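Encoded as structure tokens, the structure appears first; notes follow it.
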């Protein structure tokens, strides 16, 4: 291209130089007398000494020497070098230079019209010695002529475009525009022609406008979605030698609803446990659509089947899938399976493609209900019971019923949740479910009982159901009425006969259906009371009126008036309340001034010192009482300490021969001589372990011991201790005081003492010990064969 530009420049250069040659003219001119006859001699017109034209130069000069532009010459230039030419303006000194002696102008840089199309320069001729201007400064223009050195360019490429699938031939896709930097007014350098290099036969381009159009009918997005088209723009009208530029257009076929949906299965099998709650998801189905976006959105509906009322179907948020949910509770025992006929249809239809329909499809869904071990079910969701409060204990309130809904029909057991009946007013029979009372009811204390009854499967205790039983306690007239407020009134000393002193009202915790109605009268013992009378107002109130006048505190300060009250319900309840009426002194308006002057004046006369003295006396008395009680307690303390009263200690102390009644170390023998001492502890209950052997008291004849001498006192004490041991369920069975108190004639074992064993040489027979049972087996083994041994040796 550089050689071509250089050849063109060498051909046109002589022509340009001829055109741009400076034409000399005289700088001096004479005045025209015929034109300026009437003018003053001072106003003479001076002709310009040199005339400028526009300079033209081709762009893109690539020669080695500076490009000659033109020559400046003044007719005042004698060729002696006295004139100096000066060049100023755009590019002077950088792009253009001038020979100040000859006036030759050269371009020292490469010129590009697309960068700058023209330059404005100024020239002036000056005296070289004085530097005075010989002529005024003048402008001239250097214009750069265009050559075809720029190819067309697509400034916005590559391009993205879309067109609906199935579009008709000639449908516009996109319009492309290529820009050429060359001069559109000079030749064909900027005349662009478009053509398609790649993308046939699907698309074409208009040569003049650059509009890309569809050139193949029925292009299907589902078959191919993306296309790449290469477009060329060539200048010089597309002729040979023109420059060209290309760009890429990526075309996407947009979707239209031209494909009907279709289920991938004609039969769906699903299962769901019978215990799932309403709203649970059973499964999902999908009618596939080859289209995308809104053209693939679906709407599902159940159009037939025996499960239309049991199941429902909704569309998921993507509007693609159908979700089957439970609409009603399931029961495997009543119906183990369901069949649904489901339809899926497009929601956005394109009228241009209705002939490709129908845009819907149908499938069958079979739902199997799985058996689950369910808790028992009550025949009612809740129970409501009304029960009068006077119902007897053991009254059957209601019989609740629950059954196992499973095929096994396991046995059900009933119980009451204790947190719902903490006071245990009710009991439920475990097998029948009969709810009964076990305590008396009182509506005035608890008017409602909300009980929770539990039903549990016998074979699977984890399966428990509950039901609420609301028991309303009905009112029974079982409470007598009584006076309300204060049971005191007053009468003024100046009160007259028939004067109202008090209005009394009654209250009854019962709530009869017809409302409360009370009847008032004076008690029979006060029916002829000379001081007061009672008037029943028949509105549940009564008036207390005086019968006389002349009241005086000196005569009597307090009167007691018994009032008889009855209610109007059956059974009638009555009560008698006593109204205390005090005689008081009043002022003229009837306001009480004083009811008991002495009683009220007494506290006022007590000083602080007197009150302190009274409190001190009370404190001293309390201290003395506590000291007396403490001394009395120490006086009654037994001789043996707690450790010595241990039953094992007693056994050890008796582990020697002899002693008997004379052995006084194991217990207080002195206490046996006081029969009154034995009666103070009859009510005491022992806190020891339960006895393991029966007491011998059943074999001891109980004789009267009231009176008599010292022996009778001892015998009475022993019997008292025996009675105490018999009444004590916690008495120990081993050695203790009451066990060894059965000595003497009153015992069928006779005396076991060793006091008299030394004086008798007779052989003792102990075979009867074998008849006393296993408790005396060890004793019988020890003494059954040794007849010479004494029984008391073991103690």
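In case you wondered, yes, glycine gets a Cβ from its N, Cα and C as well.
TrEMBL: automatically predicted annotations, no manual curation.
Per TrEMBL, the stretch carrying the note transmembrane segment among 610-629, 630-649, 650-669 is 610-629. Among residues of the same chain six or more beyond the transmembrane segment (610-629), none has a C-beta under 8 A of the stretch's C-beta atoms. As a summary of secondary structure, the domain 'Cadherin' (379-483) carries 3 helix, 48 strand, 54 coil according to DSSP.
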